[in-house]
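Read the structure below first, then the notes.
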Number of protein chains: 2
Amino acid sequence: MSLADRVRHPDFLQRVMSADEAAALIPAGANVGMSGFTGAGYPKAVPMALARRIEALHAQGQPFKIGLWTGASTAPELDGALAKVGGIEMRMPYQSDPACRQRINAGQMQYMDIHLSHMAQFVWFGFLGKLDVAVVEVAGVLPDGRLIPSSSVGNNKTWLDQADKIILEVNDLQNPGLEGMHDIYYGTDRPPHRKPIPMTAPDERIGEPYLRCDLSKVIAVVHTSQSDRNSTFAAPDAVSEQIAGHIIEFMQQEVKLGRLPANLLPLQSGVGNIANAVLAGLNQGPFENLTAYTEVLQDGMLDMLRSGKLASASATALSLSPAALEDFTRNIDFYRQRIVLRPQEISNHPELVRRLGVIAMNAMIEADIYGNVNSTHIMGTSIMNGIGGSGDFARNGYLSFFMTPSVAKGGAISCIVPMASHVDHTEHDVQVIVTEQGLADLRGLSPTQRAELIIDKCAHPDFRPALRDYLERARHSGGGQHTPHLLPEALSWHQRFVETGTMRG
Amino acid sequence: MSLADRVRHPDFLQRVMSADEAAALIPAGANVGMSGFTGAGYPKAVPMALARRIEALHAQGQPFKIGLWTGASTAPELDGALAKVGGIEMRMPYQSDPACRQRINAGQMQYMDIHLSHMAQFVWFGFLGKLDVAVVEVAGVLPDGRLIPSSSVGNNKTWLDQADKIILEVNDLQNPGLEGMHDIYYGTDRPPHRKPIPMTAPDERIGEPYLRCDLSKVIAVVHTSQSDRNSTFAAPDAVSEQIAGHIIEFMQQEVKLGRLPANLLPLQSGVGNIANAVLAGLNQGPFENLTAYTEVLQDGMLDMLRSGKLASASATALSLSPAALEDFTRNIDFYRQRIVLRPQEISNHPELVRRLGVIAMNAMIEADIYGNVNSTHIMGTSIMNGIGGSGDFARNGYLSFFMTPSVAKGGAISCIVPMASHVDHTEHDVQVIVTEQGLADLRGLSPTQRAELIIDKCAHPDFRPALRDYLERARHSGGGQHTPHLLPEALSWHQRFVETGTMRG
């Protein structure tokens with residue numbers, strides 16, 4: 001396919017250059033806003049070229065780093081390549097790359113872990129400094145200069161709007177049928193000029209299908225032909241299926257009690273194997289005519305759209321396995337009628353999440369007996385990925401589930417601990433905790449009532465006696481009994497793991 | 001004044017009875033929704049009568065407890081009286097009463113600490129069980145049966161709507177001039193039927209000035225004549241004035257940098273002496289034509305309305321000193337044009353707080369070096385008051401300040417600690433930390449960058465070396481360096497205080 005089929009505006013075609021030439025236009029110290037959300041729609045060539053340039057400069061003893069902002073996680077060709085050469089000074093708002101993680105946890109790279117709904121507006125407000133360059137993958141350029149978005153929207157609207165200079169990657173492996181699937185809302189503003197966001201249903205379109213782009217800022221157009229990360233998820237295992245089973249049983253009960261409509265409320269589902277298992281369970285389950293208002297569409301949601309269980313899905317990105325991508329490509333006309341891809345400030349907007357009454361389902365690393373949830377840190381100090389959108393959905397949703405297997409590392413780690421080693425979701429924001437052992441419905445309970453329930457329902461039987469013992473001794477320790485703790489022991493399970501490789505005593 | 005002047009509907013007058021008679025209509029085990037928010041507009045007679053009844057029943061060996069839901073804190077005649085006789089099984093969503101606190105921390109009473117914006121909707125959703133009885137203070141009853149709200153609105157709309165039975169207290173010491181000051185929005189609904197809330201300015205009226213009331217549910221009308229709690233605040237001390245000074249200087253800088261409009265954005269201010277000092281500072285300060293969108297109007301805001309610095313104020317409750325109340329009473333026509341009192345699901349609504357771009361200013365108990373904030377717990381275990389609305393405003397506001405003196409208990413406690421002993425506001429939600437020592441602007445910083453700034457700017461000089469030492473050793477401990485911690489030491493400052501009465505080593 002010739003680039004002119006994708007780039008239908010002559011002035012854009014005049015700015016075509018190689019990735020290396022484009023990367024050379026990014027100055028040291030720049031804040032660069034790149035596209036990309038959960039391994040979809042990220043630029044594939046310029047970051048690699050920039051990494052090569054940085055490596056060469058570093059070899060000559062010249063310092064070169066950028067501030068790297070994205071939608072969310074990207075791929076080895078972006079985060080991995082730039083982290084490996086030490087090219088990132090500060091990373092926001094979410095990452096899940098092994099090389100990034102290693103550098104951050106080695107103290108060689110800064111990372112600020114931000115709610116995904118906050119990122120765009122903090123840039124509009126000027127809170128994070130100037131955005132110098134946008135590097136955005138698109139599926140094409142219209143004759144009038146508007147852009148056909150790629151497989152994710154993320155913060156692209158904001159990057160194109162706020163950056164001084166724009167580099168576009170036109171990826172001819174992105175399906176041209178994506179055109180029309182996006183809904184870019186241009187009604188946002190800064191206070192005091194904000195208006196209500198006019199959406200009352202998860203599938204409602206309130207914007208336009210294209211990204212606006214100021215041609216005078218476009219300094220490079222790079223032609224690529226490379227597929228997204230397209231990670232394969234593991235088939236649901238027994239533990240994930242048990243977690244899914246508890247959630248579906250609970251939802252059935254809520255419907256029966258009149259606390260949820262028969263077709264539930266819009267579903268939000270985090271990424272990963274447990275989430276896919278829940279979706280698989282819902283696809284076999286009793287609910288019909290469901291909707292989704294979420295960040296990421298992964299395989300499970302495509303299955304549900306195809307089966308008809310899911311009537312529509314709103315997200316900001318796709319994150320598909322190769323097999324699912326094949327199906328998506330083949331049936332893109334079907335999916336285009338049922339999927340809306342939005343900017344992440346809309347997909348995760350507190351106003352909309354609360355109005356629509358989203359059911360939030362997110363994985364976690366650990367919860368403590370009082371219902372405080374750690375989504376981000378290993379043993380209190382090392383970042384795993386980031387909070388992502390879990391806070392946007394958990395705080396504002398109608399119902400909020402946090403899910404984890406009860407143990408990790410072959411049973412060495414209890415995911416229910418006396419005190420969370422880092423708190424991302426406080427006791428005020430956590431309604432339901434689920435492990436393969438069972439489900440703890442924390443609504444309306446005090447901390448000690450929650451503790452008893454979480455230990456009984458969610459903790460692994462191997463760890464229950466020690467948790468009960470902790471709670472009992474904390475209650476009789478002479479400290480306050482609202483949230484009883486033994487301060488010298490509260491984090492001792494984590495310390496034991498650090499020292500001995502297991503939390504078991 | 002005769003009760004008929006206040007109760008202008010004959011059927012309501014027929015249900016007049018004594019507080020003891022009304023209290024006798026509340027069954028054991030009932031969930032009771034009482035009015036009251038920061039010591040304003042709470043029922044004054046029925047709770048005391050109920051406490052007497054409970055005491056008598058307990059003396060006879062008969063169990064009697066209720067679930068007690070309010071707007072926020074109340075007064076000794078309500079929380080205090082019922083807690084002292086052991087009459088409360090479960091308390092929600094906020095309390096600040098010494099007797100309540102003592103019982104909760106002794107493990108004799110349950111308390112669930114809920115975001116104030118969540119309470120009403122959780123009741124609508126049926127998440128907290130059935131509301132049996134509403135006990136609501138009003139300033140009067142209209143001839144058509146609608147109610148003139150009192151000095152707070154809180155959750156009264158929800159209690160009147162959701163309860164099976166209603167007991168009204170008509171307090172003839174509440175100023176009749178309150179009529180017309182309230183704005184009760186009846187456009188809320190449960191998902192999937194929710195619509196945008198049609199408000200775009202903090203002083204906009206979107207509802208009606210009266211509470212609707214189903215006469216068939218009214219089982220008692222009780223006549224009272226008793227003033228609100230009307231606590232006096234201390235005059236701003238040097239520490240509070242220094243905190244206020246840092247905030248005002250920072251705001252001036254933000255205006256200069258174009259990150260805030262010249263008249264700022266709507267102010268939210270927590271209750272207390274520091275908050276009053278900030279308001280006093282703003283009243284002397286350079287900003288004109290300010291607005292407030294907050295929970296509680298305290299003395300400082302009345303001063304600002306009177307001086308003209310504050311053009312309008314929206315809240316859900318008054319909380320005035322006796323002197324301020326006198327001024328308020330004398331000039332109620334002036335204040336009625338400038339004050340709107342709303343239900344707390346509206347005053348604290350995430351949708352509105354984010355849209356309006358509220359500047360949130362809240363006190364805290366402690367922050368850790370990474371910017372996690374504890375607003376609720378003493379030494380990790382004992383509840384102080386509750387999170388109140390601080391989470392509603394901090395998460396969704398344009399800017400969020402958390403304020404505390406750098407030390408407490410005469411210098412024995414550092415309010416900047418290695419690890420917060422309880423987390424109510426996570427690192428993702430805290431933008432600016434202020435003590436009398438200085439202000440730390442955490443926007444765009446990684447955890448270790450935040451740590452250096454918080455120690456340098458906010459910690460008391462006496463504690464800085466130990467905090468720096470902790471950070472340094474944590475960085476070299478072999479753990480992850482994203483959020484360096486020494487797990488065995490992280491809570492040792494709190495433990496030292498518990499054991500020795502001081503955090504000093």
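The backbone N, Cα and C atoms fix where each Cβ goes, and this holds for glycine too.
Nobody curates TrEMBL annotations by hand; they come from automatic prediction.
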Matching residue for the CoA site, where TrEMBL names A:Asn385, A:Gly389, A:Lys409 - out of A:Ile365, A:Ile369, A:Ile416: A:Ile365
A:Lys409 (CoA binding site): tally of other CB atoms within 10 A of its CB: 10
Among the CoA-binding set A:Ile365, A:Asn385, A:Gly389, A:Lys409, as the record gives it, the longest Cα-Cα distance in Å: 26
The domain 'Acetyl-CoA hydrolase/transferase C-terminal' (A:328-470): DSSP-derived helix, strand, coil residue counts: 47 helix, 37 strand, 59 coil
Proximal residue to A:Glu295 (active site, 5-glutamyl coenzyme A thioester intermediate) among binding-site residues A:Ile365, A:Asn385, A:Gly389, A:Lys409 (C-alpha distance): A:Gly389
CB contacts for A:Asn385 (CoA binding site) [other CB atoms within 10 A, all chains]: 18
Nonlocal neighbours by CB distance (under 8 Å) for A:Gly389 (CoA binding site), same chain, sequence gap 6 or more: A:Ala72, A:His115, A:Leu116, A:Ser117, A:Gln268, A:Glu295, A:Gln344, A:Ser347, A:Asn348
Integer mean pLDDT for the domain 'Acetyl-CoA hydrolase/transferase N-terminal' (A:11-222): 98
Spatial neighbours, same chain, of A:Ile365 (CoA binding site) - Cβ under 8 Å, 6+ residues apart: A:Asn374, A:Ser375, A:Thr376, A:His377, A:Ile378, A:Met384, A:Thr404, A:Cys415
